[in-house]
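Below is one structure; the comments refer to it alone.
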Amino acid sequence: EVYFKNLSKQKQKEVMEKNGNNHKLRVCVATCNRADYSKLAPIMFGIKAEPQFFELDVVVLGSHLIDDYGNTYRMIEQDDFDIHTRLHTIVRGEDEAAMVESVGLALVKLPDVLNRLKPDIMIVHGDRFDALALATSAALMNIRILHIEGGEVSGTIDDSIRHAITKLAHYHVCCTRSAEQHLIAMCEDHDRILLAGCPSYDKLLSAKNKDYMSIISMWLGEDVKTRDYIVALQHPVTTDIKHSIKMFELTLDALISFNKRTLVLFPNVDAGNKEMVRVMRKKGIEHHPNFRAVKHVPFDQFIQLVAHAGCMIGNSSCGVREVGAFGTPVINLGTRQTGRETGENVLHVRDADTQDKILHALQLQFGKQYPCSKIYGDGNAVPRILKFLKSIDLKEPLQKKFCFPPVKDNISQDIDHILETQSALAVDLGGTNLRVAIVSMKGEIVKKYTQLNPKTYEDRLALILKMCVEAASEAVNVNCRILGVGISTGGRVNPREGIVLHSTKLIQEWSSVDLRTPISDALHLPVWVDNDGNCAALAERKFGHGKGIENFVTLITGTGIGGGIVHQHELIHGSSFCAAELGHIVVSLDGPECLCGSQGCIEAYASGIALQREAKKLHDDDLLLVEGMSMKEEEIVSAAHLIQAAKLGNAKAESILRTAGTALGLGVVNILHTVNPSLVILSGVLANHYVNAVKDVINRQALSSVKTVDVVVSNLADPALLGAASLVLDYTTRRIY
């Protein structure tokens, strides 16, 4: 520790020598309102206490100079600071246009002040529109900027302003580790970021033991006890003014019903202020016996009031930041502080849309005492900030540098890349065949390879790798750039890990199989894996009837029955990757046995295997063939024979198909009543045979509110391969999957 202290002193000495032994750092602190002064004052006291190092100039602007907001510049004078310049920059109106005009007015007035002061560095706090004007002026006039409280996250327009100031600032003082990480993520130079904590905590953590009863009596009345009153501070939300005014009205109604003495501070100068003040007066808050409405409370006294309150309510950053130092219960209303780090003393009511909800929050929080929180500081911020200021080398180049992550060189001018077609390798693992294809961005199958699917795991994986390597080599010849490999397979799949958890009985030795790792290692390409039903839905979303549709369902009618569900443009996988097993919706309690081990599943009625089973029964009873049909002795009976017999008038075959279509239709009705899609897409070789039967069942069995659903047959020739390709193409072209 001694070593590092000596090292720090040596560095400060070197900086002083570089800057000139007699040169003091001229610091301009600009304060705009009561809130930012509470953070800047401790720094100002620290600067003033070291005149051998610093010269302090104080500029006051914004709501400090407005009577309606308490003329709070007086507390700066009471703290014995000389105010160099007062700038009237607020355009009254308290709406969005007035905020813009206020920024413009500040930009007009500030250059003259900064030309006269010629500071070495300007300290700017926070996220208010006044602060944006200060930072903009200083940046354009080549004045270094130290930004306090950058990197934090909250709601309303303040969030955007805070990050804009960050990009203008040369140095950053942040309060939390998360804020520091946010600044680094925003490409700010790590060497110019100081994790100091919040300066106001230097005062907060030493304030609670001071005399407070006289302060409580002065602001709330002599009959009020500690922990038996409420402090309310609520501001407009500039991005949703109408809702924030309604929320304020509900808050006041809840406070009136709660019937506790309440100190209400007037809202800040943001757009919506007038309407909120109008609500206060409409409800008679200024004359209500339980309320004390004030424009301003000096920060030292405000600290004591919140430290000993039964609860604080509103949407001020003070509630989620400073009040945590005392463990006072806080009710944070709405979205204005969304994203802020908070202690356990804060109860969020984000949708404060009813009086009862706010009242219930008051009942839960009032009078509790929570552990004190030091998320935002440990009481030693100011010494760290002063040390940081002393280390600033004024001879360093003024132009700030951003620390961007490494990126690949721009290849847009390379004619080879321009002429190449971005493509994917698509793999379809079926019960019979293994297929690999090169698929272009437009959904064109450029080249396709087909082999019989081997029966063992080792042979199957070896064949996949062999076919993919062959296809990747061919891609060069057909001028396709392969972006990745997408795999469609039967069974339950974990798409996050690229693992087949367990498969259908149609594909043997295919459980707990990691497909991603060996294929990615062999081809040096990213690999995506998903269930064949989900892939069919993705194919429809990118290339078929589902393009641009928010909610739809795809049903595959083939050897088995599968499908995928797209809800709000996103594919649903489910908590254990078992969503959209549509073939196993039970439509009869005593139906035929399914391959899954259950009875009465759609797949047991309507799949190709089920139709083949029924065809064999008819054939064994010599009831399948009718006039116009013939079969060779060695020919295997299939679902196609049943369909042909039905077309030629075989009544029993017709009955079987009718039952299968009804079972599928009942399954679709269940889907409509569960996820309410606007479109149902039937895919696979049996889709055309079932579409009319499904529509009939919907008309007979579905609720009237879902009967208008569109039922269509897929127009995609190869949904499994196209879906596997879309796994790659959607992700690599920055679509969310």
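Each residue, glycine too, has its Cβ placed from N, Cα and C.
All TrEMBL annotations are machine predictions without curation.
Among the features that TrEMBL reports, domain 'UDP-N-acetylglucosamine 2-epimerase' is placed at 53-390.
Its own atom aside, the Cβ of HIS584 (N-acyl-D-mannosamine binding site) has 20 Cβ atoms within 10 angstroms in the protein chains shown. The annotation N-acyl-D-mannosamine binding site is assigned in TrEMBL to ARG492, THR504, ASP532, GLU581, HIS584, GLU603.
The Cβ of ASP532 (N-acyl-D-mannosamine binding site) has ASP428, LEU429, GLY430, SER488, THR489, GLY490, ILE556, GLY562, ALA720, GLY723 as same-chain neighbours under 8 Å, each 6 or more residues away in sequence. Annotation source TrEMBL lists active site at ASP532.
The Zn(2+) binding site annotation in TrEMBL covers HIS584, CYS594, CYS596, CYS601.
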Nearest of the binding-site residues (CYS594, CYS596, CYS601) to ARG492 (N-acyl-D-mannosamine binding site), judged by Cα-Cα distance: CYS596
Subset of binding-site residues (CYS594, CYS596, CYS601) lying within 10 A of THR504 (N-acyl-D-mannosamine binding site), CA to CA, in sequence order: CYS596
Nearest recorded site to HIS584 (N-acyl-D-mannosamine binding site) by CA-CA distance, among binding-site residues CYS594, CYS596, CYS601: CYS601
Position of peak Cβ density within 10 Å, selected from the binding-site residues CYS594, CYS596, CYS601: CYS601
All-chain count of other Cβ atoms within 10 Å of THR504 (N-acyl-D-mannosamine binding site): 20
Candidate with the highest Cβ count within 10 Å, taken from the binding-site residues GLU581, GLU603: GLU603
Span of ARG492, THR504, ASP532, GLU581, HIS584, GLU603 around N-acyl-D-mannosamine - largest C-alpha separation, Å: 16
Beyond the site residues HIS584, CYS594, CYS596, CYS601: chain residues whose C-beta lies within 8 Å of the centroid, for Zn(2+): GLY583, VAL586, LEU595, GLY597, SER598, ILE602, GLU603, ALA604
8 Å Cβ shell about ARG492, THR504, ASP532, GLU581, HIS584, GLU603 centroid, N-acyl-D-mannosamine site members excluded: GLY490, GLY491, ASN531, GLY533, GLY560, ILE561, GLY562, GLY583, CYS596
